[in-house]
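Taken verbatim from TrEMBL:
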- 25-49: transmembrane segment (TRANSMEM)
- 41-288: domain 'G-protein coupled receptors family 1 profile' (DOMAIN)
- 61-83: transmembrane segment (TRANSMEM)
- 103-124: transmembrane segment (TRANSMEM)
- 145-169: transmembrane segment (TRANSMEM)
- 206-226: transmembrane segment (TRANSMEM)
- 238-260: transmembrane segment (TRANSMEM)
- 272-290: transmembrane segment (TRANSMEM)
Amino acid sequence: MKTENNSEVTEFVLLGLSSSWELQLFLFFLFLSFYIAIVLGNLLIVVTVRADAHLLQYPMYYFLGHLSFIDLCLSCVTVPKMLGDFLRQGKTISFPGCLAQIYFLHFLGATEMFLLTVMAYDRYVAICNPLHYLTVMNCQLRFQLVFACWCGGFIHSITQVILVIQLPFCGPNELDNFYCDVPQVIKLACMDTYVVEVLMVSNSGLLSLVCFLVLLFSYAVILITLRTRLRQGQSKALSTCASHLTVVSLIFVPCVFIYLRPFCSLSVDKVFSIFYTVITPMLNPLIYTLRNADMKTAMMKLSKKHVASCLLPC
């Protein structure tokens, strides 16, 4: 059986997280609960931000709504397939399905990295130039920054797919992971992939590292600025920065570890992959809502409004 690109491999076998049926059943219910939390938590933030006119006036919540939407979509790329594989013995994915996973994973992942960088700039303007914050971060600039994030994610992901789709695959076809990703896939190509690996590291690894360093520099400037300000409002700003730094660490550290090194498979890669695709999208709503009084107030107003509408007679 050959595909249109003369490759003999039409599907890949995913080794998953475990070969034990009992452990797979336990993992199914565990990750199902994670997935439900991801969907409900991020959907709640998206709906709350869109429904509350007060929140939409502030750029931070505008970006937060987009971040939750990306996390919601990102979890749908890998988690549903992983949950289905827990309940079956043969874990396979077609070649086009594998390419689709790579495309959407890197598209949404890179977009989220760019968006977090934009959010760091937003916090910098809010803390270092508070009097002109809403003037600088106006509606037009917000839209342009978010649009640029999506465009950057698209360019990054389409480059990844173009490099992978040109490789010949003639066996073996086993991927030691629960989803398709570039480091494992290119190792299965029937050719010397050194040049491709260098291009992949330059694309994904350097992107993660540069964004991470920019973010750390931004927050370092913010913290230095806070030291020179009065204590009034300082704790709230520090709390916001701490939340953002937590999210940044959970996303960028696994990406830098996985992509900024020669492509060799390590057992710990699966753990970092779980953090990147499952844990971070689940924790984002908790980090941003439980530490944010405005979000909690808006959610209470939304719930009261919904209850009132349900009690009204038809």
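Backbone N, Cα and C define each Cβ position, glycine as well.
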Do at least three CB pairs under 8 A connect the transmembrane segment (145-169) and the transmembrane segment (272-290), leaving out pairs fewer than 6 apart in sequence?
no
Which range wins on Cβ pairs under 8 Å with the transmembrane segment (238-260): 25-49, 103-124, 145-169?
103-124
Mind checking which residues reach the transmembrane segment (103-124)? Cβ under 8 Å, same chain, six or more beyond either end.
59-60, 63-64, 66-67, 70-71, 73-74, 77-78, 137, 145-146, 148-150, 152-154, 156-158, 160-161, 179, 181-182, 204, 207-208, 211, 214-215, 218-219, 221-222, 237, 240-241, 244, 247-248, 251-252, 255, 276-277
So what's near the transmembrane segment (25-49) in sequence-distant terms, Cβ-Cβ under 8 Å and 6+ beyond its ends?
17-18, 55-56, 61-62, 64-65, 68-69, 71-72, 75, 79-80, 82-83, 86-87, 278-279, 281-282, 284-286, 288-289, 295, 298-299, 302
Where does the mean pLDDT land for the domain 'G-protein coupled receptors family 1 profile' (41-288)?
84
